[in-house]
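TrEMBL lists 12-32, 52-73, 85-107, 119-140, 161-181, 201-220, 280-298, 332-350, 362-383, 575-595, 607-627, 639-660 with the feature transmembrane segment. According to TrEMBL, the region 'Disordered' annotation covers 674-718. Taken from TrEMBL, the feature compositional bias 'Basic and acidic residues' applies to 675-718.
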Amino acid sequence: KKPKQKSATVCGYPISIFFIVVNEFCERFSYYGMRAVLVLYFKYFLKWDDDLATTIYHTFVAFCYLTPILGAIIADSWLGKFKTIVYLSIVYTLGQIVMAISAIHDITDTNKDGIPENMSFHVALSMVGLSLIALGTGGIKPCVAAFGGDQFQDHQEKQRSTFFSIFYLSINAGSLLSTIITPMLRAQECGIYSQQKCYPLAFGVPAALMVVALIVFIIGSGMYNKTAPQGNILVKVCKCIAFAIRNRYRHRYSQFSQRTHWMDWADEKYDKLLIAQVKMVVKVLFLYIPLPMFWALFDQQGSRWTLQATTMDGDFGLLTIQPDQMQTVNPILILVLVPIMDSVIYPLISKCKLNFTPLKKMTVGMFLAALAFIAAALVQLQIDKTLPQFPSGTGVQAKIINMLDRQVDGSAEEDYMSFDGRFALEFGGNVSPVSLKNGSRNTLAIIQDGALPRHLEVKTHFTDITAKPEQGANAVRQVFFNGYSSILNITTGTLDFGSTVKNKMSTYANVPHGEAKFHIKDNAGNQCDYSLTLGFGSSYTLLIPSTFKFGTNCEKSINTALDIKPNSFHMAWQIPQYFLITAGEVVFSVTGLEFSYSQAPSNMKSVLQAGWLLTVAVGNIIVLIVAEAAKLPDQWAEYILFASLLLLVDFLFAFMAYFYTYIDPAKIEAQFAHSDPKDKEKKKSLEMGRKDSDGNSNSDRKSSYTSHNEKKDVQSRM
């Protein structure tokens, strides 16, 4: 084994690791910052429906967890870790920049109305950007932590352990800060011709952080200990398994003698020690089969749960929480629950003499995740009660506004009435026939008495919106009706509703949550200020009657009609489901990795890491399949479906775990320590696998540190 070059140290630590930690912080900020606002970008900028937005989101996440296998093979077989990180970080950075450019609506907004004319251009750029990001972030995922471990000498085990703790802290710090900051940036308004939600800034800042990450990593180039590629153990394992399967198939007939295990059919070509180690790995990988269902639920925090939050009230007193900021609850709870579990819960269970094995912990973790989705379904049921029912098919809805100087019996109807097609309004014996478009929602204005006796004229009607105002909790739409006899101009903040003439409504406009002050002016320069406290996702009609006069208390004559009620179910009700899913993550993910590493040979930790990441990818594929195939009419029903599937899988996993026998890989490997001379050559190639897996002779210690301190590196935080 070639000794590592000795690098400069500070307080016993190689200086090079500081560049690696800063790089990891910036890269995690970049990834999770972009991902936090991604599903809302799909929904509100690209105008995709919830199902398509969810599908593309989880397709992207799945690719992010498939590409690490490719990155590991490239690093270990051809380029080495350093070059792989640099080259794929460049790809990663380009992807983030392309995403930021794709979100600039002014590029194709030729008529300057704030709506891109060529949405296909933005979609194409977005897909290119996300593809580059998936290749970049996934490709460097298995390399950065291992490259950091390579910087330590064999006698620096204590420092290496501390490094992995700091490395894990940088992952969580980058994730936590980005999921707080980027939604705030998205909520700002920016643009050249028109002001829209600032997705370019929300994607641009993560892109800038990725540029910083790349520069910082390259600056430390001269200080790094760079090991040459030595071959990838994952490739060797796959070849060994493939040979065993082929050989077994060739000897499938009864005249051939049977062997104890199907992997024994690789004995003609591969070392017996390698075969024994592969058997141990396959035994653990078999237990991985049910695990993707957990990730199918877990990763919906960034899709379905974020979309759920857009229909909720985000007013926390002094703070206004954006829907995508609710994702910060997970990393906050992680930092709280991990030490509580390790220092309080597990010791208490141990004192109670309960045999709480790792596989039992994982079973409990999946059960908690299922409970989280049941909680999400209960929340959705309460949300559905607050949402308006919009017309569909041939049905229409209408609400009456009386602009006469006298009271008309029955015209004070504040709620929408539902009916089909043409109908006649009758109030106090007065009749007015009206014809409305199928599937529409309308405001009908009674503006004068008809020419015939017992007849009212509805000279015009106004089509209302048939969907909740966009941008979740941050936007409302206002409609103005002017029964006043003069032309009026109405503004609020930077919004100008233009001139409103007699008996005409202005168009809807987005007004942010909070106290809105409307300035009403006429051509003579008179002004009246009217204040209205706006919630989240509501719609109002401001009625300016013909009796309106400028002057003291002018605002008292202005009335409001509530078209769509604001979101009234509070976002805080999502905290229980976040608590349950995070508690499930702690006992499932952390325990799962530690169990896997304890049951696998020391030189094959990377194989299990690849298998673990693959379960995350498959879990996200399950989500997109269900989102496209199930087509359930109610979102709460989809939550219950996922919870039911996980409970079923949890039962299957518990059954598999019941028959699992724990092993000691070190003892099994020791049985092959004095094998036949014919196996010597095969063992030499196996030793290369050990070097490849851990980069140093202390592979067991390093893998242990990795399993505990980098738990996020192989699941949700990475």
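Including glycine, each Cβ sits where the backbone N, Cα and C put it.
Two recorded stretches are said to be in contact when at least 3 C-beta pairs lie under 8 angstroms, sequence spacing 6 or more; the transmembrane segment (161-181) and the transmembrane segment (607-627) fall short of this definition. Between the transmembrane segment (362-383) and the transmembrane segment (201-220), fewer than three CB pairs separated by 6 or more residues in sequence fall under 8 Å, so the two stretches do not touch. Residues 237, 241, 263, 359, 365-366, 369-370, 372-373, 581, 584-585, 588, 592, 596, 599-601, 604, 607-608, 611-612, 614-616, 618-623, 626, 642-643, 645-646, 649-650, 652-653, 656-657, 660, 663, 665, 668, 715-716 of the same chain sit 6 or more residues outside the transmembrane segment (280-298) yet have a Cβ under 8 Å from a Cβ within it.
Looking at 12-32, 52-73, 119-140, 332-350, 575-595, the range that has the most CB pairs within less than 8 A of the transmembrane segment (201-220) turns out to be 12-32.
The transmembrane segment (332-350) is not in contact with the transmembrane segment (119-140), judged by fewer than 3 CB-CB distances under 8 Å for residue pairs 6 or more apart in sequence.
Note: the stretches the transmembrane segment (607-627) and the transmembrane segment (52-73) are in contact (3+ CB pairs below 8 A, sequence gap of 6 or more).
Within the chain carrying the transmembrane segment (12-32), a Cβ under 8 angstroms from the stretch's Cβ atoms is held by residues 89, 92, 96, 133, 137, 140, 144, 147-148, 151-152, 156, 159, 162-163, 166-167, 170-171, 173-175, 177-179, 206-207, 209-210, 212-214, 216-217, 219-220, 223-225, 717-718, all 6 or more beyond its ends.
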